[in-house]
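Visitor: To start, I am sharing the structure in question, which I have written as structure tokens.
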Amino acid sequence: MEPWPLLLLFSLCSAGLVLGSEHETRLVAKLFKDYSSVVRPVEDHRQVVEVTVGLQLIQLINVDEVNQIVTTNVRLKQQWVDYNLKWNPDDYGGVKKIHIPSEKIWRPDLVLYNNADGDFAIVKFTKVLLQYTGHITWTPPAIFKSYCEIIVTHFPFDEQNCSMKLGTWTYDGSVVAINPESDQPDLSNFMESGEWVIKESRGWKHSVTYSCCPDTPYLDITYHFVMQRLPLYFIVNVIIPCLLFSFLTGLVFYLPTDSGEKMTLSISVLLSLTVFLLVIVELIPSTSSAVPLIGKYMLFTMVFVIASIIITVIVINTHHRSPSTHVMPNWVRKVFIDTIPNIMFFSTMKRPSREKQDKKIFTEDIDISDISGKPGPPPMGFHSPLIKHPEVKSAIEGIKYIAETMKSDQESNNAAAEWKYVAMVMDHILLGVFMLVCIIGTLAVFAGRLIELNQQG
């Protein structure tokens, strides 16, 4: 294949590019020969520059609950017509649009009114698209840090209402009129956040007048966003562990008191919960404006564990009581031994023996029998001469002392068994009560908000 056709094609393309560049160069030179970027682009100074504003939300970067700052990545689309930048495409080789630096032309000085921490105005001056009709489109990117009142009452099942208020800084409505491109911001290129989802968004125009100049309107466009937090992270890492700690606390009452491990388990649960709370405390918004739901639940869990320790001490104290230190009141015996076990069907729990040693140790007569079992002499009364013998009398006194000692020991053992039985009944009752309180407390903290969110859809 001959190389000259390729050379010819390359030469024609190069000539076209040079010619096109020449047309654009002449056009730019002509447009900006006497152009001033500080003068409003109108034919008559009484005319109003109409600026159409559109907000494209790209990313929700951060929501700072403590400082109440929402950081977003946006593109601020602005369109207007510049009377001084029109041309006839036929005079410039058919060039209908060009890209020029935004610093060279007049621009509406739009700023974020509710700026919290950052630049009020746009700092990235990208190029604008200029058409032969004078229509200008400028879409600069910006990182906005806007103030938003963060209400953490329902955290982590919360919704936040935030807004971005845009307007010109120096121009009032009589010289520059701003209008929203749409009643909603553009979310077509929005990158989903792992923590927030935008449920609702809208935009509207405001016109405000002040007492100093009632005939002069000041315009702004406010974009409003309703953001709902995705709570899965907090459910898995905070709520479920706290719930498990609560259930583990209830199991303290399932552990037998005789094992001696009740207090060990209770203190271990408390220490584990304390370390856990120290680890996750940074996940909770540190604000004093309100106590979030998750903070209430963590407080409930801590009180729940401490209450179990206090009650465990009482149960252990009850278990180790004895007649020498405590006398069981009749109401305790009636409630915890006679009534509650029957009501709660504690049939498997062996009740303490309450038989009293009220038999007479001695009878009026003493029957003396032979060791071999053969009948002995007739019974002798207390007035028998043999009974009055000193050695026999001493033996009888010894037998009487032994019997009374055995009776006292038996009564002491029965009383101690009753206290242990009362402690066992208390354990069974508290096991059910604490498990029930754990479930009811969890539902009381979160159920109301979850039902409300479900009704909202």
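For all residues, glycine too, the Cβ spot is worked out from N, Cα and C.
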Visitor: Are TRP331 and ILE100 co-located with respect to the membrane, according to Swiss-Prot's topological domains?
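Guide: According to Swiss-Prot, which assigns topological domains, ILE100 and TRP331 fall on opposite sides of the membrane.
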Visitor: Disulfide partner of CYS162 per Swiss-Prot: which of CYS148, CYS212?
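Guide: According to the record, the bonded cysteine is CYS148.
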Visitor: Cβ under 8 Å, sequence separation of at least 6 from the ends of the topological domain 'Cytoplasmic' (254-264): give me the contacting residues as numbers and ranges.
Guide: 309, 312-313, 315-316, 319, 420, 423-424, 427, 431
Visitor: What three-state class does DSSP give CYS213 (disulfide bond)?
Guide: strand
Visitor: Quick one: pull the CA-CA distance for CYS148 (disulfide bond) versus ASN161 (N-linked glycosylation site), whole Å only.
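Guide: Taking the Cα atoms only, CYS148 (disulfide bond) lies 8 Å from ASN161 (N-linked glycosylation site).
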Visitor: Any idea which of the disulfide-bonded residues CYS148, CYS162, CYS212, CYS213 has the thinnest Cβ neighbourhood at 10 Å?
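Guide: Looking at the disulfide-bonded residues CYS148, CYS162, CYS212, CYS213, the Cβ with the fewest others within 10 Å is that of CYS212.
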Visitor: Sort out the residues at least 6 away from either end of the topological domain 'Extracellular' (449-457), same chain, that have Cβ-Cβ distances under 8 Å to it, and list them.
Guide: 154, 157, 293
